[in-house]
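Feature annotations, reproduced from Swiss-Prot:
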{"type": "COMPBIAS", "residues": "50-67", "note": "compositional bias 'Low complexity'"}
{"type": "COMPBIAS", "residues": "71-83", "note": "compositional bias 'Basic and acidic residues'"}
{"type": "MOD_RES", "residues": "Thr30", "note": "phosphothreonine"}
{"type": "MOD_RES", "residues": "Ser32", "note": "phosphoserine"}
{"type": "MOD_RES", "residues": "Ser158", "note": "phosphoserine"}
{"type": "REGION", "residues": "1-323", "note": "region 'Interaction with ATP6V1A'"}
{"type": "REGION", "residues": "1-83", "note": "region 'Disordered'"}
{"type": "REGION", "residues": "208-227", "note": "region 'Disordered'"}
{"type": "TRANSMEM", "residues": "314-334", "note": "transmembrane segment"}
{"type": "TRANSMEM", "residues": "340-360", "note": "transmembrane segment"}
{"type": "TRANSMEM", "residues": "402-422", "note": "transmembrane segment"}
{"type": "TRANSMEM", "residues": "427-447", "note": "transmembrane segment"}
{"type": "TRANSMEM", "residues": "465-485", "note": "transmembrane segment"}
{"type": "TRANSMEM", "residues": "496-516", "note": "transmembrane segment"}
{"type": "TRANSMEM", "residues": "529-549", "note": "transmembrane segment"}
{"type": "TRANSMEM", "residues": "563-583", "note": "transmembrane segment"}
{"type": "TRANSMEM", "residues": "589-609", "note": "transmembrane segment"}
{"type": "TRANSMEM", "residues": "632-652", "note": "transmembrane segment"}
{"type": "TRANSMEM", "residues": "870-890", "note": "transmembrane segment"}
Amino acid sequence: MNSGTPPPSPSGPPPPPAPQPQARARLNATASLEQDKIEPPRAPRPQADPSAGRSAGEAAAPEPRAPQTGSREETDRAGPMKADVEIPFEEVLEKAKAGDPKAQTEVGKHYLRLANDADEELNSCSAVAWLILAAKQGRREAVKLLRRCLADRKGITSENEAEVKQLSSETDLERAVRKAALVMYWKLNPKKKKQVAVSELLENVGQVNEQDGGAQPGPVPKSLQKQRRMLERLVSSESKNYIALDDFVELTKKYAKGIIPTNLFLQDEDEDEDELAGKSPEDLPLRQKVVKYPLHAIMEIKEYLIDVASKAGMHWLSTIVPTHHINALIFFFIISNLTIDFFAFFIPLVVFYLSFVSMVICTLKVFQDSKAWENFRTLTDLLLRFEPNLDVEQAEVNFGWNHLEPYIHFLLSVVFVIFSFPLASKDCIPCSELAVISTFFTVTSYMSLSSSAEPYTRRALVTEVAAGLLSLLPTVPVDWRFLKVLGQTFFTVPVGHFIILNVSLPCLLYVYLFYLFFRMAQLRNFKGTYCYLVPYLVCFMWCELSVVILLQSTGLGLVRASIGYFLFLFALPILVAGLALMGTVQFARWFLSLDLTKIMVTTVICGVPLLFRWWTKANFSVMGMVKSLTKSSMVKLILVWLTAILLFCWFYVYRSEGMKVYNSTLTWQQYGFLCGPRAWKETNMARTQILCSHLEGHRVTWTGRFKYVRVTEIDNSAESAINMLPFFLGDWMRCLYGEAYPSCSSGNTSTAEEELCRLKQLAKHPCHIKKFDRYKFEITVGMPFGTNGNRGHEEDDITKDIVLRASSEFKDVLLNLRQGSLIEFSTILEGRLGSKWPVFELKAISCLNCMTQLSPARRHVKIEQDWRSTVHGALKFAFDFFFFPFLSAA
């Protein structure tokens, strides 16, 4: 195997068994390899001509281009050339030291052959070291040999294992990018330094675009200008002051894979800006900061004064005042005074607006990524000049895969918008304005799409818009009978129990639209799913949302939202003055119609937690808070909060009862026979309770005799909070938020006022806040008498009585009932069935023999939100949003 190996010295070929010259040559080569591992190529021996060494080094700098165009052919011809012409090993070694990747590969193969005969460990390590250098220049044969060495654990040490694994795992795309990046780096570094300053690289950017014959006369083409600006931003995006070869190669590889440095987006492309462009306000001198950022300077001075004034005194105050407990108490006090109806109104609106804002933010991020796409294509065009074998299609696929995050967040935001829109109050949603915004983003998102799938995206958008307009025709107030027929459903076909197929012209258009979706996904061997289809879904969702919101809009609102806001830009000064004047008048009228003192006190109370938070943190900074918010991902924060809100509300949906029918055939007499005193006497109460537990869940409507009602609990969180205040402040708050006791004058005609005036002398305070009381009642109901009106012993048995729990909403009804009134009530059998005086929750009540009708209605039903039907309606709306007019939910 060693017979073909040339001797390391020119004295003559030694016999193959002689190991000493070979070992000496291996050691010399290894030592020179370690010295020149990072250095650019140069002559390794001191007796060589320096000029020759320099020419060899400079010739080796663009050497990676040679294996780019004909690397495969050279590899295929390597065998025959060796057979025909024997090249001395010293000459191959000199070429390898000069940076020739082919020679480095041959030296590595030579040491691998030597490792089979003697000194396996030393020769294998030398071979791996040479193969690493060749693989770094994109030599495919060297990569294959490294993979074999890694599999056989030949020459693999703890120092080179990580590098060998990285080079062995590189794809063809990464290897091509590496070869092109090597050529660019040596053009940017003509002096062949180990590390180059960023400023020096920026000065040499122009040399990359120069042809072999030097700079071409005439204007520079726009494509070359874009490539030059792209290369400048790529170099200056590195945070280091000096860039080595490996750093530049890794940076280029990451960009080619779609991993873009964050500060690359923040760089300005305008080359004519002054030296202060791009600097933050903190980096500017005080004079320029005041001139350029006056608000920031004022805020910074205010923060400094607050910090100086508060650090000394507020530090010890924050240690003795339980601020967190106070914040929690005030928070729970506010929450305890809110009702379920308020949450049912407020939460869908919050979810809708937050998710809509998230959609807008994600769309803007998509627009930013479209700019990144343009820069990426500029870089690939630049790399193609140095590596024609670069797989641009695979590079674009990798870039698209690594930039799917804003699209995923956008689709999640769409889900929240779809589910919250049918639940939210349309009176609090500016549908016309949102429809115009949705239409605007439909057009702009389409314009930001890639041109690679333009035939499909253009046809898909036209089809979608046509289907949407045809679906809107039946709702147009104008009498266009012939046109409305185009949007009407011809007939429907049930598909299962929950889905209906609508046969219409828009339905056919949607079938064609789904076909176009499939064609877009089919591009590039179904890699077009995330390269073309997912980006187009942004345009699709905005278009669908605009159609849905247009159904809730008015013609006047659309005119106001489109033409009015366009004219608003031209009449901005006059409109601002008019709006300010109108707002001032309305604000003054609002204050005159309400109690000014009450509003101010309420505002102060609600702001207490915020004030405590600000003043107890000695190191609090407004600008720091703003910076932290800008650094965090607002979209992720919104999505996390929306998910938490929906999970919290899901428990109410799961437990909701709604307006269900209380029509069980179980009568009170049957219940008393099975679970009453007779059953207790036959067996015992425990056995009866176990047996009657099978009746749990029955929704019954029974008739009984009202015996009495009592208050079991009075909840007044406002009074509890006021009682903790000093006496004089508490009385003032009671009179501010409550009512004064009436005086006992002859003009009082109300019974309630007469009762209160008698308590005025006995009350501890001049005012009361009983209007905030919330009551819980217990009603005792007995079995009705017989049909003849006679009272039987069993019917008057108090052990058969049942107890009904009632909430504060039944207060007016219960206070008007009298003992012996015949009432009809609805409840659910649950709890201690089969025991004495079982307690059920009152769901509905009506009086059957009252002389006057109960106020405000004859039958009073417990207000319960039918959350399940509401969620069912939201699911139906979501299904129709995606599939109507092709399919619709039953």
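Here the Cβ of each residue, glycine as well, is placed from N, Cα and C on the backbone.
Through the fold, the transmembrane segment (870-890) approaches residues 415, 418-423, 467, 471, 489, 494-495, 497-502, 504, 506-507, 510-511, 514, 544, 548, 653 of its own chain, all at least 6 residues removed from its boundaries and within a Cβ separation under 8 Å. Of the candidate ranges 340-360, 465-485, 496-516, 529-549, 529-549 contributes the most Cβ pairs within a distance under 8 Å of the transmembrane segment (427-447).
Comparing 402-422, 496-516, 529-549 for CB pairs under 8 angstroms to the transmembrane segment (465-485), the maximum falls on 496-516.
Averaged over the region 'Interaction with ATP6V1A' (1-323), the predicted model reaches a pLDDT of 61.
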